[in-house]
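Here's the structure we're looking at; comments come further down.
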């Protein structure tokens, strides 16, 4: 009986003060995870279809030019083939360079980090991966001295001035390569570029000033031809650093645009230059450079060392 009375009291109390129960809509008490910070995706500036096709086209054009210049050399004696040999080497080297670039050789990726500063928020960084075709610089380091040699022989420039012009030219090409791989926000890129431009001024000095004086002494026809082909060459060469400034320098020009621009200049500065020089040289006697001796005849009997014969025989 006492138990029954206790149960009645407990029921009445639970009705007045209901016990709390768990509900499905209760708010969770755990803390959400902190989102992770992911690095920005690098910007890739690589060669595309247009650039690759251009490389193959110029490779074929340089091969055709090399074959044509070789055929022209067969029409003159060996002693008068110096221009032909030099000019053919220029287009052969260019063909090898373009074959390397077209097949994916002679190229590296330059990883560039650009820092953007802000006033009230942390600085941000932009990462750019751009292809640099260093095979092009190898080409220039071999072909531009040969072009200078062609012009120097045509004008009759002294060996000392030709040597200094070639030395300045090599400095120009190599410092241009250093600039292409220079870091952003440092004096590397534009510092090397400035040195390259100064070296180019030295090349102009020796070709334009010394070349003009010597060409004048060889007659009016040769002087007129040298001024024409020399001006043509220097105008084209001046376009190279301008393109570099828009391409590897400021990256305003994409990799495909860079390839096409350089390709046009290379065809004009090597293929067209070579054809103009060799065809005009054939009709301009004042431009002749004739080499005898070993160049034309090899090692003949005169002056050869005799072995196995007695001095008193």
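Glycine is treated like the rest: Cβ placed from N, Cα and C.
Per TrEMBL, these features apply:
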type     : residues : note
TRANSMEM : 55-74    : transmembrane segment
TRANSMEM : 81-101   : transmembrane segment
TRANSMEM : 137-155  : transmembrane segment
TRANSMEM : 162-181  : transmembrane segment
TRANSMEM : 193-213  : transmembrane segment
TRANSMEM : 225-247  : transmembrane segment
TRANSMEM : 259-279  : transmembrane segment
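Outside the transmembrane segment (162-181) by six or more residues, the chain places 108, 110, 132, 134, 137, 140-141, 144-145, 148-149, 152, 188-193, 195-197, 199-200, 202-203, 206-207, 241, 244, 248-249 with a CB less than 8 A from a CB of the stretch. Of the two recorded stretches, the transmembrane segment (137-155) does not lie close to the transmembrane segment (55-74), with fewer than three CB pairs under 8 Å once pairs fewer than 6 apart in sequence are set aside. Sequence-distant contacts of the transmembrane segment (81-101) (same chain, six or more residues past either end, CB-CB distance under 8 Å): 55-56, 58-59, 62-63, 65-66, 69-70, 72-73, 107, 133, 135-136, 138-139, 142-143, 146-147, 149-150, 153-154, 259, 263, 266, 270-271, 274, 277-278, 281, 287, 289, 291, 295.
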